[in-house]
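Peer 1: One structure coming up, written as structure tokens, with questions to follow.
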């Protein structure tokens, strides 16, 4: 297309859930509540793991990292949407949009890699219990998390730079509540085939390889569990990875469901609604899944909350710590 028909983009319009103005207060309250529950729930998991030396193990080290990433993940999209609803202004700057895309991709990939590492951790714990502490030493745990960050940062940076190279036309409305990469690419006024090809190739590569690792880990885990003779032993072995399996299923099923629904349905509103499942709901329910299914986390949360309640004198910090543990504490009973 001729360069005269291109424009220097300064901002985009996030249409989000603006079709019905009467529902804006309800949507604002709902997303604010989910955001607060997510942040408080994941902070409570992190505080519980840090405060109890018994939880200073590889499994909980990875869980605390996952909770931190989930806080960052939901903070990438929801606060901007809440500000837009509050100010009745759906504008996001070009720089803000690219930045949002970068952090969105960064934390999605980190979630992906951390879930894979946690699957490997469960594989070693169940299939090689006698060598667990030797294999999953602190150096390896730190190295795996560091590599996950490096790969995720480079991938997000690469995808963002690909976005920067795209020329955009005058139609700059994004039918989403955040700068979803696929929606932004559709606004380009040039042939984006190469960009689409590269972006989808890297996404498929970075999604299928970790997923294959998870499948392999659980294949070996199931094989080991089936070889256990006692029913109690089978239940104990399975219970150690039940929470992780639930989170993995939720993360991949919701993410896959979004893109399948987008391909089958041309409704942008339906795509935006479906994406709420993996961008908001998944980070919100993760701490509750681990709290409900994990006796160690439940006991630490109860113990920490009780200590904060009886501690005196009351202060703002005291109130905040109690508030952080309250959601998971309620669901633990």
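Just so you know, glycine gets a Cβ as well, placed from its N, Cα and C.
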Peer 1: Do residue 138 and residue 298 end up on the same side of the membrane, going by Swiss-Prot?
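Peer 2: Both on the same face of the membrane, per the record.
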Peer 1: Have a look at 121-139, 140-158, 159-177 and point to the one annotated transmembrane segment in Swiss-Prot.
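Peer 2: When 121-139, 140-158, 159-177 are checked in Swiss-Prot, transmembrane segment belongs to 140-158.
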Peer 1: Quick check on the disulfide-bonded residues: of 97, 189, whose CB has the lowest count of neighbouring CB atoms inside 10 Å?
Peer 2: 189
Peer 1: Ranking 26-50, 58-79, 101-120, 197-219, 273-292 by Cβ pairs under 8 Å to the transmembrane segment (237-260), which is first?
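Peer 2: Checked against 26-50, 58-79, 101-120, 197-219, 273-292; highest Cβ contact count belongs to 273-292.
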Peer 1: DSSP on the topological domain 'Extracellular' (159-196): how many residues come out helix, how many strand, how many coil?
Peer 2: 15 helix, 4 strand, 19 coil
Peer 1: Of the stretches 101-120, 197-219, 273-292, which racks up the most C-beta pairs under 8 Å with the transmembrane segment (58-79)?
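Peer 2: Against the transmembrane segment (58-79), the leading stretch is 101-120.
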